[in-house]
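For reference, the structure is listed below as structure tokens.
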Ligand SMILES: [Zn+2]
Ligand SMILES: [Zn+2]
């Protein structure tokens with residue numbers, strides 16, 4: 001497992017590579033645009049090349065982008081869905097320009113329409129988005145569905161939701177899964193002990209398929225198992241606990257997979273990423 005962090009790209013995408021190196025990361029996640037805005041000017045070819053060059057020289061072993069939180073392909077508000085389709089296409093283009101192979105997406109919130117309708121709308125609207133692809137421009141970018149904590153009407157908290165999406169999408173080879181440990185815990189998947197850890201992965205493999213798993217978010221959880229509330233905690237200081245992270249970093253099935261922390265700041269107010277990356281490396285057998 002290649003461990004790293006979600007780094008700020010403030011100052012341009014290439015600066016996230018510099019921050020990752022400062023924190024001794026092996027993998028990196030960044031936002032390729034402001035995550036709370038619908039639109040932003042596209043990167044110039046020069047800015048994109050600057051990122052690609054920094055990344056190529058960095059020695060980092062994996063990189064992913066996280067899409068904007070506003071995107072919801074199964075909202076009951078038509079205007080939100082229309083904006084989401086445009087925004088997702090824009091993010092795929094940014095990843096392609098920057099040479100980033102993975103774009104993480106929260107599947108969506110059905111906002112009262114029901115799970116079945118929500119999952120169908122996500123798959124349908126993904127097809128609408130990919131119909132706007134020009135000349136295979138996104139072919140080197142895999143869109144990763146992130147498992148969620150299941151807050152409100154969020155979809156993707158049950159493995160069955162993820163499996164359903166793979167069944168419905170127009171081309172499953174263009175999609176994968178990013179597994180968030182905090183979200184899984186909040187959704188009721190218990191990684192805390194060896195036996196339950198193995199059972200979770202057996203269940204994931206049987207329902208979704210381990211071959212779809214392309215990335216991890218390694219976060220501890222402030223909230224208990226099955227709480228369906230998404231609150232990230234420093235690794236080892238929450239309800240997931242260090243054993244789960246020890247199992248993960250030493251699991252041969254995940255040896256070549258990028259894994260990033262999205263942990264809150266330290267008590268001092270400083271960001272926690274260097275400490276968390278060092279901690280994960282220290283768990284290796
Ligand atoms: Zn996450
Ligand atoms: Zn979260």
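Just so it is clear, glycine is given a Cβ too, placed from its N, Cα and C backbone atoms.
Database features, via TrEMBL:
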BINDING   66, 106, 146  Zn(2+) 1 binding site
BINDING   146, 180, 217, 262  Zn(2+) 2 binding site
BINDING   183, 230, 232  Zn(2+) 3 binding site
DOMAIN    19-280  domain 'Xylose isomerase-like TIM barrel'
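Feature annotations (TrEMBL) mapped to structure.
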residue : record                : DSSP (3 states)
66      : Zn(2+) 1 binding site : strand
106     : Zn(2+) 1 binding site : coil
146     : Zn(2+) 1 binding site : strand
180     : Zn(2+) 2 binding site : strand
217     : Zn(2+) 2 binding site : strand
230     : Zn(2+) 3 binding site : coil
262     : Zn(2+) 2 binding site : coil
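Recorded residues residue 146 (Zn(2+) 1 binding site) and residue 180 (Zn(2+) 2 binding site) have their alpha carbons 7 Å apart, per Cα-Cα distance. In the vicinity of ligand 1, defined as a Cβ distance under 6 Å, the following of the binding-site residues 180, 217, 232 are placed: 180, 217. Sequence-distant contacts (6 or more apart, same chain, Cβ under 8 Å) of residue 66 (Zn(2+) 1 binding site) comprise 6, 29, 30, 31, 35, 103, 104. Checked against ligand 2, the binding-site residues 66, 106, 146, 217 give no residue with a Cβ less than 6 Å away from one of its atoms. Taking the Cβ of residue 180 (Zn(2+) 2 binding site) as reference, residues of its chain lying under 8 Å away and at least six apart in sequence are, in sequence order, 146, 147, 148, 216, 217, 219, 262. There are 22 other Cβ atoms within 10 Å of the Cβ belonging to residue 106 (Zn(2+) 1 binding site). Excluding 146, 180, 217, 262, which define the Zn(2+) 2 site, the same chain contributes 66, 104, 178, 179, 181, 182, 183, 216, 219, 260 within 8 Å (Cβ to the Cβ centroid), listed in sequence order.
Between the C-alpha atoms of residue 230 (Zn(2+) 3 binding site) and residue 106 (Zn(2+) 1 binding site), the distance comes to 13 Å.
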